[in-house]
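Under the heading substrate binding site, Swiss-Prot lists GLU116, GLY141, GLU164, ASP172. Per Swiss-Prot, transit peptide is recorded for 1-25.
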Amino acid sequence: MDRLLTISNHIGKNIRQFSTSTEEVLFEKKGKCLKVLLNRPKALNALNPNMVKILTPKYLEMKTKKDGEGVIVMKGAGEKAFCAGGDIRAIYDYKQLNEEQKSKTNDIGDLFFREEYILNNLIGTNPIAQVSIYNGFAMGGGIGLSVHGKFRVATENTVFAMPETGIGFFCDVGGSYFLPRLPNNYGMYLALTGSKLKGNNVYLAGVATHFVSNEHIQALEKEIEECENPTSQTINSILTKYHDKSKSTSNEYNDNLGDIERIFGKNSVKEIFEQLELLENSEWAKQTLKTLKSVSPSSLMVVFEQMKQGAKLPSLAKCLEMEFRISQHFLEKPDFFEGVRALLVDKDKNPKWLPPSIDQIDQTLVNSYFKPLSNNKELKF
């Protein structure tokens, strides 16, 4: 349960429900550079609906710009996190309302995911360069704010994860687009296990586009701020210069890479389990199997299918449309709310998943998470 405790601490800590503070995202213009600061350091800059509402108009303004007419630098406030996830507790709290109370407020389960995914797509189609600096934890919803932009910078302090299977959910915010496109089946491995990548390994895996040592970050930011022609090519050249200056001996990414590529390229979750069980003398295989057996079986099965389908979809927008469908079906099932209960509410770190085993989940049940929504609820771009 150590992994579940990590998720609890880094996603749900100190999340407030319906904040309207305009100070939760701060903007500063320096020349052609727009600096964006995610400003909830006590909550590890966890993304909430208010922050989505603040960010969306800014990205809408940029739709008509051309490459080179500006550059965005996004960071998290404080020294611990870029953005450690999303406001999942608020969705749980909405579920606990009675029907009369629900009738007096918006369905946050629909509204939050719909607006968040719209923002994710705006970031992914933004014509100007965005540089996201992973100054600490970068997880879940924070990945949706950054990975679809042109550039992501890892530092020694970066900790990346998509830990959603551990809370009975799935790798959303465009996870079905970027994860299957990582080399060596590493995206499938990260999606199913929620494993963390640290420092230079975030770059080696392909999540970050560059690695820059902490000692060079201030100079990097200053050069981007002073850039008079911030085309994607120019910004890439600046980033590459500081990347080349930076030294890192961290390369755990390559540990077990052959086994990850082989095992997580199998045709089913059951086959992945079987292959891990065959590696009796591998501590990595034992720990990986232990992790997979601790997370939601439903999440495992759905995420596996999500990665397979996402690999074939032509665009981020199509992946987000699929993910919105999946998100709403998850909110009709028990595991997400049980995961949040166990990690954030009762904090017993002992979720009771239903069904409790992958052997009790057939393809028909998996397919039900991908069915079109009724009553014109579909997200369409």
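Even glycines carry a Cβ here, placed using N, Cα and C.
Site extent for substrate: the farthest pair of Cα atoms among GLU116, GLY141, GLU164, ASP172 sits 16 Å apart. Listed in chain order, the extra residues whose Cβ falls within 8 Å of the Cβ center of the substrate site residues GLU116, GLY141, GLU164, ASP172 are GLY85, GLY86, PHE113, GLY140, GLY144, PHE169, CYS171, VAL173, GLY175, SER327. For ASP172 (substrate binding site), the count of additional Cβ atoms within 10 Å of its Cβ stands at 28 [all protein chains shown].
The DSSP secondary structure for GLY141 (substrate binding site) is helix. Taken residue by residue with DSSP, GLU164 (substrate binding site) is part of a helix. Of all Cβ atoms in the shown protein chains, 29 besides its own fall within 10 Å of the Cβ of GLU164 (substrate binding site). Residues within less than 8 Å, Cβ to Cβ, of GLU116 (substrate binding site) and separated from it by at least 6 positions along the same chain comprise LEU47, VAL52, GLY86, GLY141, GLY144, VAL173.
ASP172 (substrate binding site) falls within neither a helix nor a strand when secondary structure is assigned with DSSP, and so counts as coil.
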